[in-house]
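As written in Swiss-Prot, here are the features:
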SIGNAL    1-25  signal peptide
DISULFID  Cys51-Cys83  disulfide bond
DISULFID  Cys66-Cys90  disulfide bond
DISULFID  Cys72-Cys92  disulfide bond
Amino acid sequence: MANATSFIALAYLLASALMTTVVLGNRQCVQAMDCTNVCSHGGLCTKNGKCVCWSPNVVINSGPPCWSDEMCFSTCGGNGGYCNYDIGGCFCQ
């Protein structure tokens, strides 16, 4: 009987681990992470768990660094903005 209980417990643990892997499989990050493990220059984690990487061409005082408009929406304090791709920085509204 002990072997059957051990087998059931082991099967449950393996199933739980597999489910966790599937759930996290499409995610690169969790919010509040800086994505340094994914992006060479850091970046932001989006709501869907994907890293948006900072541009390597960031100019100091250009606003928050960006690679896409989505990054500026997240970093401009919720007021929106767009990415000035020429300087790699956000223009916040």
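Even glycines carry a Cβ here, placed using N, Cα and C.
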Give the three-state DSSP assignment (helix, strand or coil) for Cys83 (disulfide bond).
strand
Starting from the Cβ of Cys90 (disulfide bond), draw a 10 Å sphere and report how many other Cβ atoms land inside it.
23
Kindly assign Cys72 (disulfide bond) to one of the three DSSP-derived states: helix, strand or coil.
helix
Just going by other Cβ atoms within 10 Å, which of the disulfide-bonded residues Cys66, Cys72, Cys92 has the emptiest spot?
Cys92
